[in-house]
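As written in TrEMBL, here are the features:
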- B:6-125: domain 'Gfo/Idh/MocA-like oxidoreductase N-terminal' (DOMAIN)
- B:144-259: domain 'GFO/IDH/MocA-like oxidoreductase' (DOMAIN)
Protein chains: 2
Amino acid sequence: MSETPIRFGIIGCADIARKVSRAITLAPNATLYAIGSRSLEKAKAFAASNGFPPQVKVYGSYEAVLDDPDVDAVYVPLPTSLHVRWAVLVAQKKKHMLLEKPVALNVAEFDVITKACEANGVQFMDGTMWMHNPRTAKMREYLSDAQRFGQLKLINTCVSFGSDPDFLKNDIRVKPDLDGLGALGDAGWYCIRAILWAANYELPKSVKALHGPVLNEVGVILSCGASLYWEDGKVATFHCSFLSNLTMDITAIGEKGTLHVHDFIIPFQEKEASFSLGSETGFTELVTGWVPLPSKHTVTTDIPQEAHMVKEFSHLVRTIKNNGSKPENKWPTISRKTQLVLNAVKESIEKSFEPVQIPS
Amino acid sequence: MSETPIRFGIIGCADIARKVSRAITLAPNATLYAIGSRSLEKAKAFAASNGFPPQVKVYGSYEAVLDDPDVDAVYVPLPTSLHVRWAVLVAQKKKHMLLEKPVALNVAEFDVITKACEANGVQFMDGTMWMHNPRTAKMREYLSDAQRFGQLKLINTCVSFGSDPDFLKNDIRVKPDLDGLGALGDAGWYCIRAILWAANYELPKSVKALHGPVLNEVGVILSCGASLYWEDGKVATFHCSFLSNLTMDITAIGEKGTLHVHDFIIPFQEKEASFSLGSETGFTELVTGWVPLPSKHTVTTDIPQEAHMVKEFSHLVRTIKNNGSKPENKWPTISRKTQLVLNAVKESIEKSFEPVQIPS
């Protein structure tokens, strides 16, 4: 039984909306329905340069998208500082919402947004695409395997990309009034989400920023790191940066296993993604080699991970529409935990690297 | 012109001596000359079970090896707590010395050992084998490449191996009176050396242990970590552990490049070793893939890395013997820096994770 695809509106013409609009057209249960920008010309140009089908409605304001009764769901790629204002309106207009990360500047704002979603019965999901790559489920299976991986002991994530002078001067992610969380909100969001994902979303008990964060002249973080500590002794460290070469690593080490992935946010290639596993690894007799060798696993996918995201989101929306059921709580829950840890890291930086306790 | 091989004596029958005695036979400029144990029977059994050639002298004491005038160099695989006593004697007997790591329990002991070497004109080298793998030089070349790697920003190293209950109860590395530095002295030595190696042996200005080290019931470290900070903003983190699956990672991230190696201490296989490099990595147009993809580099070797170590050491000894020149200072220098940082981490753990300044 084929169902009507979920009709998406997009508010804003950010670069990332190019990729997500394509994903909406690739997802089997979603359709690109409308785009709105503060300027009609900009919206038209965006639609044209990204090959939008002619039937896609083009609006000269965000409100027009939200007021269109045929729009089921809205994708919000606006700068973080605008999230609370627009996301609340999206929810009030009873539109389901895919919201770019970082979701908010702080947990209080985050809660305003998700409470509005709850009050209006709309699905919330943040735009962390890698969560939806089929590879991610495969890696999670391994981490949950008591025999092959065992108890998780250590997680390290590194996310960085090199920025040109134009980015460091003009990108919204270095502007205190736009994406004020800088590299922590962008690259760091991924680091923290990956750590929580590996820890099965158990929150750490405390967080401590590493020394030496790099800030720009208006105080936005360009590079920082932190260590995270759990009650059971698990430890995590991460580094996020706009100032070094492209790196997207998760290393997770358990009592019995080791997971490595080097492209967890954006796979090296669109249609396949790999990771490497070691399990109960020992040495050859004279300690001159490893037994067994780590194994490489590749997961292929017919549609890119961002289309999987749209598909999963649209499936949830369809279920709500068909059954009148409540939105899936998993997505706002893990999103909030990410925001909570992220802001704890920021607080630790502001408090001269003191440990910050995470309320459990 | 073929020269007389350097004649090695070994004092002690530690497991690691099996691998190094084989390396001595494999190195083209070295020969296995004598082995001594506190018990003649034990020495004989060790020689027999490791296929020593019949001409190798077998002694019932360490002193006998040191007193043999035909022994040029001594390999010392004794527990760390015995190093200062025996290493000083080795030097006083004018034997060149390959000493297992960790070199000493603290920097003061370290200096006693290397001062004895200096006073007696003998070459000192610690037993950090991976330094001598041809792969290491190749990786170093990349890290030094201003175009492909640029300024070093971040180093993360993880070294762990899972231990069975017997190891955790009986191994010398968990005994406060034998290898009192535990996992920090063993796995952590490698982490710190790798970090210093990547930083071109520039010492960090400060070191701070991570929270949550695991100690056994007699206070020996089974697992710990630290962050290291340099004047220029470089940051490093490491984790070392006896309590998780075998992992031997270096991740080094520069302004323009990323290096990954997952088997830096013991290559997966004896005769070849790989690493992976990214340089000026960007994304495809829609940010759905990486351009260029990281590249894998494999370095083959005719003799194992520990034989390269013996070869390099023997070459230095031969040069001293032939020319009456001074010992090469590089090896004790980097060894001392490793010891210095290692003990600073220990001090930070003892001082409740306070930062410890490193004298420059």
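Residue numbering: from 1, along the chain as shown.
Every residue, even glycine, has its Cβ placed from backbone N, Cα and C.
Those TrEMBL annotations? Automatic predictions, nothing curated.
Confidence over the domain 'Gfo/Idh/MocA-like oxidoreductase N-terminal' (B:6-125), given as mean pLDDT on the 0 to 100 scale, stands at 97. Within the domain 'GFO/IDH/MocA-like oxidoreductase' (B:144-259), the DSSP-based counts of helix, strand and coil residues read 25 helix, 42 strand, 49 coil.
Within the domain 'Gfo/Idh/MocA-like oxidoreductase N-terminal' (B:6-125), the DSSP-based counts of helix, strand and coil residues read 54 helix, 26 strand, 40 coil.
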